[in-house]
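First up is the structure itself, then whatever we jot down about it.
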Amino acid sequence: MEEGLLKKYEEEDCPGCKVEQLKRSNTGIPVKPVLFISVVTLCASLPISSLFPFLYFMVRDFHIAEREEDISYYAGYLGSSFMLGRALTSILWGIIADRYGRKPVVVIGTITVLIFNALFGLSTNYWMAIVTRFLIGSLCGIIGTMRAYASEICRKEYHALGISAVSTSWGIGLVIGPAIGGYLAQPAEKYPSIFSKESFFGRFPYFLPCLLISVIALAATVMSCWLPETLHKHNKIKKDKNNFQDAVEGTPDESNGLNMSQNTNHSERIAPSSQKSLLKNWPLVSSIIVYCVFQLHDIAYLEIFSLWAVSPRTLGGLSFTTSDVGQVLTITGLGLLLFQLLVYPLVERITGPVMISRIGAVLSIPLLASYPYIALLTGFGLSIALNCASMLKNILSVSITTGLLIMQNRAVSQEQRGAANGISMSSMSLFKTIGPAAGGSLLSWSQQRQDADILPGDQLVFFVLNAIELLGLLLTLRPFLQEPEDSDNIPKSKHNSLDQENGMQERLVLTELP
């Protein structure tokens, strides 16, 4: 009887059920879905950081700043316009993903990057650049949606792999994005033998890096068309199920076990969780708060690291060139990729997402405290120490982030997952608008107090970063951070075995049917 009803439900045109069938039949590593997730996420992350190497020169060429000192002021607004757009619309895109599906949001996002990032590279004035960047941020709801999608397209034992693919691709995009912008911007000046000043790329010196990213977005758009939809659409199924229950309840046969009290208890148990307020879901809210604290730390660290590395030795920096910084970030990204794909899923399976986040925060504190002493090294020793420290720091940061994202997805049911990730993205974006400005101001202030008796120079910067890291660590402890209830720990009497594997609330009715 159960198999017949289950087959009936899954034969309906429900894309989510088709994915569940596919997951049950394919127990191996989901290579193709993870590859698609990685490419689409990379497409969304590249526009964020690719402009920073040439942002100063782009604003200068717009001639909007009356003085040279004002260029950074206008550049700051241009750089933050993306995050502002994303903060305003992330919740909306999450709601749309929950109502109409993950795939439409992903396709719209990749097309947005394809069109508006190219237009950004063709900007002829400051306000055109502001508008196009804002539109990229506000119309691209990929990241929050992909977090939900990654946990739905993979079997539960591969949830960590799917989420880590999102985090890793995001991190790699933030690493190679500046390389694309730095090496391909102003090609007529850097590669005069290939591009002349009278050529198209000479007249639009910042279009080439944007064009390359748009080409990647085109590939992601094609790939996203092949993505299977994971959202369940059970309107007809629920109607058939209710009719079947009404028919059974109308019979006098008590042996079916479907009396009124049983149905009342059952309806309470399978009430759609979408009726519950997300803001009253403390496991979700607490994990988002902790996530935002660590994201504030991470974005401030990235801003400070780049500025600290290129600062002169007299100010406590490393006197690196932009190429040196790019090389460090490239090595860091490669190490991060290998760790997330090969090591993180195994570690998370052993320790759990909360514990791995705590371990990452604990190890990050002494690591950050060592940075001022790394600056005392020179030559090959400095290169080895800095590359190892940078790689380890980013591995720990992404491990923390991935663990918290797993918690967020496990804290809500599928019909709320898009909205929950939208809230997470909006909150994180607001924090990320603060981090770069605060980090740059903190570094500037610390460099003015090289001879201070307490925490001189860059020691102050990394002390403040560690203070934020310590705050995040404390928030991962009880009673603040509450772990979501794992469906594997729920007694079997409350769940059908299929629900334990797939988490489909609609199938709970099977436990009550004869």
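Each residue, glycine too, has its Cβ placed from N, Cα and C.
Taken verbatim from TrEMBL:
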- 253-265: compositional bias 'Polar residues' (COMPBIAS)
- 33-484: domain 'Major facilitator superfamily (MFS) profile' (DOMAIN)
- 245-270: region 'Disordered' (REGION)
- 485-505: region 'Disordered' (REGION)
- 34-59: transmembrane segment (TRANSMEM)
- 71-93: transmembrane segment (TRANSMEM)
- 105-124: transmembrane segment (TRANSMEM)
- 130-149: transmembrane segment (TRANSMEM)
- 161-184: transmembrane segment (TRANSMEM)
- 204-227: transmembrane segment (TRANSMEM)
- 284-308: transmembrane segment (TRANSMEM)
- 328-347: transmembrane segment (TRANSMEM)
- 359-378: transmembrane segment (TRANSMEM)
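Long-range neighbours of the transmembrane segment (204-227) within the same chain, counting only residues 6 or more positions beyond its ends whose Cβ lies under 8 Å from a Cβ of the stretch, are 33, 36, 39-40, 42-43, 46-47, 50-51, 54, 58, 61, 102-103, 106-107, 110-111, 113-115, 117-118, 120-123, 149, 177, 180-181, 183-189. Sequence-remote contacts of a segment are chain residues at least 6 beyond its ends whose Cβ falls under 8 Å from one of its Cβ atoms, and for the transmembrane segment (105-124) they are 40, 43-44, 46-47, 51, 58, 93, 96-97, 132-133, 135-136, 139-142, 145-146, 149, 204, 206-211, 213-214, 217-218, 220-221, 224-225, 227, 418. Confidence across the domain 'Major facilitator superfamily (MFS) profile' (33-484), taken as the mean pLDDT and rounded to a whole number, stands at 80.
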